[in-house]
């Protein structure tokens, strides 16, 4: 594709430019080419200067800019409908151009604003008067624009500017239209009829200070609320790759937003140069209070019953109001504003508060399946505390709300959430009003976020410090830890805190906690495992703790942990005080490093004298497929003839490692110490690693090889059992014996058990004995029938399988298929002439076997085929029949079928006394047992 180009225009207008400036240096090391433009702002210049060469920073000269401005002026005079009135007078057009170029001083924005102002000049005298009184700069220009706003429009103009300056993100046109339609002096505050008839005429309130922008809002069709009409027409994304479904269902809508016309407008409006009659209204506190009140009034209007079908559609401003009013109110109250009447109404009116809570929850927890509409809601005090609304909290407490009332989902109460958010003034107020529940949880949340002032307040309540100390230590808040340790003597809590500080690598806190008497204990283990960016000093601190030094076992475990995670610096440090060959548990450091594939650490341990032959290092590296580590170990003298190495490489499917071991002379038929029943070819065949099987066969692997100590499986059986057809073919081509029958299965039985019909067919074509007896299941037909593989059973029968041959448990295929309830297989076997009354197995015959499991359909099939429910007597003198078996096991449907067939129902049911042992039964014995069976 070539080098990508990224263009960032007007960086100075980015609202999150501090974050963006931190990310931009990444372009220095990549292939992307970056072009950015910006006004000269100090923070931007100083940030870019650190990584952009001076030759790459170009200051745009005014000369070329003036030429561009002149072109814009000429084009505007020629095309603007309101300026074309002077087109018939070339001398006047030249006069306009000359006068504007004389005063523009390189400012596009200034020239554009003057052209906007000249549109209102209807005759030559008014035009020339305007040209003679042009403002000196942008600020003067903007001041004139504000002063020119008619008094009747001023309140709405101010409201528009408040929203454009202080809202959290640009508002859609329909949202800002509703915002200016709210009248806080009437009830209801919002009426749809007060909206602008033409939304785009909103620009007329603040001419030249605002602009419309259009953007595409993307989303997937399934994410759109099916119950809400769409605000705008949706367009499906067209993409040329019709075979790809990456963007299937991706849609976008054209969204029109109202924004300030230029960054300089925002700079001016928040400066002290705005006219006095605008200054107070555009101050931060007043503007945020106004936005909060307007938002709450809009929410109150939306409380049902509302005449619209769906409020989120008929009231488009509702989403912003529900999600943002609290943050605006918080800024206003921090500036000293009292809790407004609108906020009081919302927080103290249950119906209105519940409605807002549910609307907000639907916004925050979208999509809807992540919450339930009837879920419990938090209380007004909880929300007010969460957002630091001090005046609102005070108002609610004065009205008598319970200061200790809980939140939801285990989030504590107002004290907890205020502590978590660091709202110190709210916490102080709640404590003063008697809050005492959840103080320990509140302390933990404050410590977790490093809220020092809140921690001081909560410690005065006597809150439990233990968990709080751990959290503060884990996060690295040194000052908070100092506060918690003061007059706190719990040594166990200090030890836990030390471990937390070590785990996250906070050196200063580790030193502090050690000075306060914390014991090293498991801290060394944790820091060795985590390997923080700067843990070396922490490890040294722990190792040099005088009488509190870690013991030998702790050092060994730390070395193993650091080795397993590949923390080379820590390993090097620990080797100064630890035996490189010592066991930690049952594992050595070298083996741990090899298992993790940390080549540098492996090399370091070997340099320090680790014995390569006294651990399972090579096996560990082979099992995980770390080729570079395996190569290093072999170079350092590891025994390639150790059978486990090749076995583990095959187990993990690591072809490159297998190839390396074979190249170095590994015995392709070596038996494994850990699994003496397996050899490399068997395990590779079992796992389905075709490339490795092929490689082993090429290197001379014995296709008939088996492990020592009476192996029960060879490669062909292993591949057949797991359905690896390609490998089966490879093995057969290499001379595998299709007749070989181990104690476990045999290839044909193995393939039949899994229903792998292609492998079964292949084995039969190669001459496998379809009636071979032995192994776990006895024969292939029994195996296929037991597992319900009809197609395989049919194939076996077509190739001469004995339909009545006995298999496992002295049962034949019909018996086992009946017991397992495989109707299709039973029907097949009967069609092929199976003896429906053949005797054998635990249940004697197929009918009893099916009855014992309650397989009604199979019982019907067997009866239709002539099965007889013959009653006999077992070794204990008990009478037995299919009917009694079905009764005894509670299979009522089968009992009904058997009774309908007039089966013999006399006799006893073995084992019934396990459920109930009668005392001196009287009357007819058959009635007695019938009653007993019914009870069971």
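Every residue gets a Cβ built from N, Cα and C, even glycine.
Those TrEMBL annotations? Automatic predictions, nothing curated.
Break the repeat 'ANK' (376-408) down by DSSP state and the numbers are 16 helix, 1 strand, 16 coil. The repeat 'ANK' annotation in TrEMBL covers 376-408 (among others).
Here TrEMBL flags 613-645 (among others) as repeat 'ANK'. For the repeat 'ANK' (613-645), the mean pLDDT of the prediction comes to 89.
Summarised by DSSP class, the composition of the repeat 'ANK' (641-673) is 18 helix, 0 strand, 15 coil. Annotation source TrEMBL lists repeat 'ANK' at 641-673 (among others).
Proximity of distant same-chain residues to the repeat 'ANK' (676-708), defined by a Cβ-Cβ separation under 8 Å and at least 6 residues beyond the stretch ends, is recorded for 646-647, 649-651, 653, 655, 658-659, 662, 668-670, 714-716, 718-719, 721-722, 724, 726-727, 730-731, 734-737, 740, 742. The repeat 'ANK' annotation in TrEMBL covers 676-708 (among others).
Feature annotation from TrEMBL assigns repeat 'ANK' to 711-743 (among others).
Residues 710, 712-713, 716-718, 720-723, 725, 728-729, 732, 736, 781, 783-784, 787, 789, 791-792, 795-796, 799-802, 805, 807 of the same chain, all 6+ positions outside the repeat 'ANK' (743-775), place their C-beta atoms under 8 angstroms from a C-beta of that stretch. Sequence annotations record features per position, and here TrEMBL assigns repeat 'ANK' to 743-775 (among others).
The helix, strand and coil residue counts that DSSP assigns across the repeat 'ANK' (779-808) are 18 helix, 1 strand, 11 coil. Taken from TrEMBL, the feature repeat 'ANK' covers 779-808 (among others).
Per TrEMBL, the feature repeat 'ANK' maps to 809-841 (among others). Panel annotation: around the repeat 'ANK' (809-841), residues 781-782, 784-790, 793-794, 797, 803, 847, 849-850, 852-853, 855, 857-858, 861-862, 865-868, 870 of the same chain, lying at least six beyond its termini, place a Cβ under 8 Å from a Cβ of the stretch.
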Residues of the repeat 'ANK' (809-841) by DSSP state, where helix covers H, G and I: 19 helix, 1 strand, 13 coil
Secondary structure content of the repeat 'ANK' (676-708), with strand meaning DSSP E or B: 17 helix, 0 strand, 16 coil
Helix, strand and coil totals (DSSP H, G, I; E, B; other) for the repeat 'ANK' (711-743): 16 helix, 0 strand, 17 coil
